[in-house]
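The topological domain 'Cytoplasmic' annotation in Swiss-Prot covers 1-21, 76-85, 129-147, 197-215, 277-281, 327-343, 388-396 and rests on sequence analysis. Residues or ranges marked as topological domain 'Periplasmic' by Swiss-Prot: 43-54, 169-175, 237-255. The transmembrane segment feature in Swiss-Prot is assigned to 22-42, 55-75, 86-106, 108-128, 148-168, 176-196, 216-236, 256-276, 282-302, 306-326, 344-364, 367-387.
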């Protein structure tokens, strides 16, 4: 694959960024994220309409994450010789199909099939996002392009739940998914118009995805990714009970805190390209260290609302560096195998999200209110130490 990348770079060196293609990828990612989290705000009417409990309806989110984890691992093995342009179009079609299947679902089984289609698109698209980006812009512009994509993710995360809730009351949950299907159609046409041909890996150069873990620093990097995202979900999944019981926020106050977090995350993502240009490794070690300190501050002085609000803003600003930073690490240190590295990264993140939320919940129920914070802070500190000691970084 390294020879293939080198040959393509020599023959088709990118001198000007293709921003239209980058924004089409960003829009598609945003649509995927919005649709992934729509059931969170529409769970009650979906459950009532289908005659199931809200807990069962919630599995529509779980199945998407589960399928996405496996799709991210095996998608690049399946499509290696296929033009990536057609693969991305297929993912946009799957996004649209998923929305339509959910919209017309008259049973829980059909609902799960629709959400599984979304998982295929989500896992596959995320696995390819870093490698797609580095083939659309010159190397020096990759961090900026990645910040555009993750900026779209931040916006999607901020608007998904309130938008779904508002539209659900206005037009009904099925029409919300019909509207999402219309966004999927727009994705298809924008990608067809803007995304150039991106040849896949020749079949004679196929390599086992997991052999990448034998490279110096790669296993350490994946462990660091796991710990940082597990630390994030150990805390953020339970921000509502922590903030309402520790700091005494009401529902309205918590809403403002979450909005502040979302805005800070968007700002952090927007600024990430400037920080990563200076030092990717410093950002990947420094960000979790700041988060570890923030968790400690919240544990000790979180009963003060101004402290709790400040920590939420700092957390949003700082954590935004981590996903962009690790994607930049892949495009620089594993440029010859960016798709396969992206596959492992997405699977690790999905597993980390699940483990972090599960262990954080156990700690909250069995140890105490601040235990998710202590768990998160410990994982973030270990991440900072591991990155400093073991993660290798190539210069751009």
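The first residue you see is number 1, and the count goes up from there.
Placed from the backbone N, Cα and C atoms, the Cβ positions cover glycine too.
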Result, the transmembrane segment (148-168) in contact with the transmembrane segment (282-302) (3+ CB pairs under 8 Å): no
Criterion met for the transmembrane segment (86-106) and the transmembrane segment (22-42) (at least three Cβ pairs under 8 Å): yes
Intrachain residues whose Cβ lies under 8 Å of the transmembrane segment (216-236), provided they are six or more past its termini: 242, 284, 288, 291, 295, 315, 319, 322, 326, 329, 333-334, 341, 344-345, 348-349, 351-353, 355-357, 359-360, 363, 372-373, 375-380, 382-383, 386-387, 389-393
Winner by Cβ pairs under 8 Å against the transmembrane segment (108-128), considering only 148-168, 176-196, 344-364: 344-364
Stretch with greatest number of CB pairs under 8 Å, the transmembrane segment (55-75) reference, 22-42, 148-168, 176-196, 256-276, 306-326 candidates: 22-42
Stretch of maximal Cβ-Cβ contact with the transmembrane segment (306-326) [cut-off: under 8 Å; candidates 148-168, 176-196, 256-276]: 256-276
Overall pLDDT for the topological domain 'Cytoplasmic' (197-215), taken as the rounded mean: 69
Close approaches to the topological domain 'Periplasmic' (237-255) from elsewhere in its chain (Cβ under 8 angstroms; 6 or more beyond its ends): 298, 302-305, 307-308, 312, 356-357, 360-361, 364, 369-370, 372-373
Beyond the flanks of the topological domain 'Cytoplasmic' (129-147) by at least 6 residues, Cβ under 8 Å: 14-19, 21-22, 25, 29, 84, 88, 196, 198, 269-270, 272-273, 276-277, 324, 327-328, 330-332, 335, 338-339, 341-342, 345, 396
